[in-house]
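Quick look at what Swiss-Prot lists:
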BINDING   Cys112, Cys114, Cys139, Glu141  Zn(2+) binding site
BINDING   Lys263  ATP binding site
MOTIF     15-25  motif ''HIGH' region'
MOTIF     260-264  motif ''KMSKS' region'
Amino acid sequence: MASASGSPVRVRFCPSPTGNPHVGLVRTALFNWAFARHHQGTLVFRIEDTDAARDSEESYDQLLDSMRWLGFDWDEGPEVGGPHAPYRQSQRMDIYQDVAQKLLDAGHAYRCYCSQEELDTRREAARAAGKPSGYDGHCRELTDAQVEEYTSQGREPIVRFRMPDEAITFTDLVRGEITYLPENVPDYGIVRANGAPLYTLVNPVDDALMEITHVLRGEDLLSSTPRQIALYKALIELGVAKEIPAFGHLPYVMGEGNKKLSKRDPQSSLNLYRERGFLPEGLLNYLSLLGWSLSADQDIFTIEEMVAAFDVSDVQPNPARFDLKKCEAINGDHIRLLEVKDFTERCRPWLKAPVAPWAPEDFDEAKWQAIAPHAQTRLKVLSEITDNVDFLFLPEPVFDEASWTKAMKEGSDALLTTAREKLDAADWTSPEALKEAVLAAGEAHGLKLGKAQAPVRVAVTGRTVGLPLFESLEVLGKEKALARIDAALARLAA
């Protein structure tokens, strides 16, 4: 795909460094990245850091770190450079001021001296009369005398862009043809009274100067598109822009209660998913399904498969609901796709202090390597590894009291005694032999394997649910396992 003029694809990802990155931001970055890579185009990473009150260097560093962790690369931007540097808006103020002045000089913009109180009064009157409540164009055609009077009153004007008195129609890459009537798109501010340029100016100016061909962004910015198209036409006339980019607006991501997922929702924080041990490839797989799909019958795929198939015209316009359980399930599938060696290494952060509850010297690498393939079949997120293998490295199992109560019913002492005898005589190099031993103990007490192994599992691991029992027994070792059964029998007898 190329732009309307046939130039190569150039897309941008332009977050603000405010707070922790959130999953909606990641979904937008993913779709732009995949679109650029699918078309062998260029991804521009631009930082919109013009809000001094909210932006921070810490958030900026988190953004870069998050992009790296997710595996995104960019062709122009921070740490990479490029022909349109600088790529931080805070370093481009002279550019915006120059463009604003050109718009004023050409009559595409004008100074507005209305106070907030005056704006509010006229807005309420318009609402009461059933008319559009946007800016009414009061300062559009001020005389020199009016300007002089306002200036003498000490009023500091903002700069507004002059919207054309005509409908604006464009074809959204996701939603199809959309038309905005002029009465619904009033003149809007582009420069504050203190001279600071607003997002409404800097974002399209940067897109124009960086020759962006396709703008893929959230649905919340759809209503700003007619204003930007009108501004683009003015920028083309001034020689600042070459063409109007194509726009595609991605569907809302909905959270619990069918409400739009906000960056303030804990569920939306990217850091939360990193801390829980989501794989980048698992999280990205799930986020890609929020508005897009590879095929009707395939939910699990690699990032390479997504790039090969991604077409923004396949993105659905309807809101997509974030389903945490499905996200976890897909991540679990990606955990099972890892090579075992890769899995063992990715689990490392959860196998050492301060996360791991065992002493560093009690961690046994050989036991970890032996149990890892079995653990890999069970996890949804990597952080679950700690509770699944703690029985191997702690001196005693940590008993979950609910599990103890559930498993240690009347007759459990007799079953455990028989199971201990059978296990003591079994071959501990064979999980199948250990299974036969517990099966035989169960048969001696009229129990099937599922009922027979529950007390053994709790005695050895502390829980009723966990990794495959007989492989766990083999890795733990005969001496420790039998000692734990003895301890459980003593507790039952107390």
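Just so you know, glycine gets a Cβ as well, placed from its N, Cα and C.
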Near Zn(2+): residues not in Cys112, Cys114, Cys139, Glu141 with Cβ within 8 Å of the site Cβ centroid are Tyr110, Arg111, Tyr113, Gly137, His138, Arg140, Leu142, Pro157, Arg160
Same-chain residue ranges lying at least 6 outside the motif ''KMSKS' region' (260-264) that approach it to Cβ under 8 Å | 19-20, 22-25, 252-254, 319, 322
In the structure shown, which of the binding-site residues Cys112, Cys114, Glu141 has the fewest other Cβ atoms within 10 Å?
-> Glu141
In Å, rounded, how far does the Cα of Lys263 (ATP binding site) sit from the Cα of Cys112 (Zn(2+) binding site)?
-> 33
State the mean pLDDT for the motif ''HIGH' region' (15-25).
-> 87
What DSSP reports for the motif ''KMSKS' region' (260-264) is 0 helix, 1 strand, 4 coil
Between the binding-site residues Cys139, Lys263, the one whose Cβ has the fewest other Cβ atoms within 10 Å is Lys263
Where Cys112 (Zn(2+) binding site) sits in the secondary structure, as DSSP reduces it to three classes = strand
Secondary structure split (DSSP) over the motif ''HIGH' region' (15-25) reads 3 helix, 1 strand, 7 coil
